[in-house]
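A.B. asks: Before I ask anything, here is the structure I am working with.
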């Protein structure tokens, strides 16, 4: 079967992954309305393409935090990659041939050291959850910086885990051979929950002042992930972050929140160019990438589609997913009348009433 678009990889993963793994990756919170709305919201945005613009030479490169990437799509932080492919996050990191950014998760099934060794020289950021045991989080930050990770991504939208019904029905837990490698020694002897950690190990008391605590630990730029409102965007800038990822955790936390592409507009307006704004959630086509950039995102990140690619053929499958998105993005840009990323702007799109 020819893999032509991202939905082909989705269908393959659904067919061949064990049901418990597929349901974990696919899960949204409660009724899954926000998960589904992340995708549907793109269909309400229409292009206003320009003609006769000379698109014979296309340049789809961009920069994030000063580092050039081949096109404005990166790999979002997701956990438990060994559920999709035996080499897990090592295979994800090896997809660096596409010259983009990979955000490695705290909840990886490979160590930071293994991820770093798998892709020396690749652009890697590290995603952090803050735990009640602050020494655990401090050590993770320091390890990441020492290993050459180039930014720290703080997830802000998970004081507690959202209710994911299929995981509860399935009695989800990691297989015995699979561990959260970056935390394996930190919770030895403790009872583990379905997600491989002691219940209530995350710190629900974190506040904006903890940004200052993180800044005291590292010289890395700090990006905050999970922002959906102009008020929080303004607070993020005020507290000195270098980037914002507009995200609702793939619809896995609070159901009935806004789709990320809808929230992007007010976040971009509030930030006013003071920091870079990125987005994840709902990206399924190159034209979705173009819409997000037209509305002000500097770059987008893909979560589930990266896992579908891994499930298909490991790093090769992930590279196929990225290559398809890259080709579709280039084509959408050209058909909209843009030869360079710098030409993409709000004039290209309008919101439909449908």
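Glycine is treated like the rest: Cβ placed from N, Cα and C.
Residues or ranges marked as active site, proton acceptor in TrEMBL: 249. What TrEMBL lists as glyoxylate binding site is 24, 129, 164, 249, 252. What TrEMBL records for 77-79, 105, 127, 155, 225, 247, 280-284, 303-304 is FMN binding site. Feature annotation from TrEMBL assigns domain 'FMN hydroxy acid dehydrogenase' to 1-354.
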A.B. asks: What's the CA-CA gap between residue 127 (FMN binding site) and the residue listed as 'active site, proton acceptor' in angstrom, rounded?
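C.D. replies: Answer for this pair: 13 Å between alpha carbons.
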A.B. asks: Between residue 252 (glyoxylate binding site) and residue 77 (FMN binding site), what C-alpha distance do you get in Å?
C.D. replies: 13
A.B. asks: Hey, what's the Cβ neighbour count for residue 249 (active site, proton acceptor) at 10 Å?
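C.D. replies: Its Cβ has 25 other Cβ atoms within 10 Å.
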A.B. asks: At the Cα level, what's the spacing in Å between residue 129 (glyoxylate binding site) and residue 284 (FMN binding site), rounded?
C.D. replies: 27
A.B. asks: List the same-chain residues at least 6 positions away in sequence whose Cβ sits under 8 Å from the Cβ of residue 282 (FMN binding site), in sequence order, or say none.
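C.D. replies: For residue 282 (FMN binding site), the qualifying residues are 38, 39, 41, 42, 259, 260, 261, 288.
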A.B. asks: Counting Cβ atoms within 10 Å across all protein chains shown, which of the binding-site residues 24, 77, 127, 280 comes out on top?
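C.D. replies: It comes out as 280.
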A.B. asks: Relative to the Cβ of residue 304 (FMN binding site), which residues of the same chain, six or more apart in sequence, are found under 8 Å away?
C.D. replies: 10, 25, 26, 78, 250
A.B. asks: Rounded to the nearest Å, what's the C-alpha distance separating residue 280 (FMN binding site) and the residue listed as 'active site, proton acceptor'? Just drop the number here, would you?
C.D. replies: 8
A.B. asks: Widest Cα span across the glyoxylate binders 24, 129, 164, 249, 252, in Å?
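C.D. replies: If we measure all Cα pairs in 24, 129, 164, 249, 252, the largest is 19 Å.
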A.B. asks: Between the Cα atoms of residue 164 (glyoxylate binding site) and the residue listed as 'active site, proton acceptor', what distance do you get, rounded to the nearest Å?
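C.D. replies: The separation of the Cα atoms works out to 12 Å.
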